[in-house]
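Q: Can you keep this structure in mind? I'll have questions shortly.
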Amino acid sequence: MVLVPKYLNFESDLAESVTNSMDSSLPDETTSDSIILTTFNDFSNWARLSSLWPLLYGTSCCFIEFASLIGSRFDFDRYGLVPRSSPRQADLIITAGTVTMKMAPSLVRLYEQMPEPKYVIAMGACTITGGMFSTDSYSTVRGVDKLIPVDIYLPGCPPKPEAIIDAIIKLRKGVAREVHERKDKLRQTRRYFTLNHQLEIVPIIHTGKYDEHLFSKFSEISIEPKLNVSPQRIEKSKSSISSQISF
């Protein structure tokens, strides 16, 4: 590669050229400039990052934000994304929404049917950690990375379409720097892939016993009538009411 900037020599006041010590990228000087020299790995990465085909997988409100990308306002076709309905034709799955225990085997089956190399974007708080269902829900998976490996985490409730585009751009940058042999080493070796979250452990508050002190206070209070009404007066009022109803 040759750089030809100009500078002035203060002694001779003449313009001279500066040539760096790097060799030319062309094999020889007769090679045309229209030839591009690259490696097969770089060419494969360029082709894959320019044509990511996502699998439509939405189970909650996050998918509404993802569906807005298809419209003309955001137009994610400019990034080469073509939505597919079959996992065998997709290389990207965006899990948008809550993943339940009943849906977990189906999600794993869809991921296994996708051809290699394949990528996963976890979209939304419900997909990443379970969201608002992570405290006391018996049927929610606390993170989709317990089922399949995740490449990009996209937090939000729900994330905006601009955030989804930013996640896709970051995934494209990761694909551009990827080495095929390195991706094979990271392939899932067991059915349920588990990752430990870096979250702070807090004491359990939903134990069902946090209202016992309130119930004990109410049980100690004795309710006594403040009006001293004789039983004869009560019977007299009942008879008068019944006589009025009969008329």
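A Cβ is built for glycine as well, from the same backbone N, Cα and C atoms used for every other residue.
Grabbed the feature section from Swiss-Prot, which reads as follows:
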- CYS61, CYS62, CYS126, CYS157: [4Fe-4S] cluster binding site (BINDING)
Q: Run through the Cβ atoms and count how many others sit within 10 Å of the one on CYS126 ([4Fe-4S] cluster binding site).
A: 27
Q: Other Cβ atoms within 10 Å is the metric here; tell me which of the binding-site residues CYS61, CYS62 scores highest.
A: CYS62
Q: Around CYS157 ([4Fe-4S] cluster binding site), how many other CB atoms lie within 10 A of its CB?
A: 11
Q: Relative to the mean position of the Cβ atoms of CYS61, CYS62, CYS126, CYS157, the recorded [4Fe-4S] cluster site, which additional same-chain residues have Cβ within 8 Å?
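A: Output for this site, in sequence order: SER60, ALA96, GLY97, THR98, MET123, GLY124, ALA125, THR127, GLY131, GLY156, PRO158.
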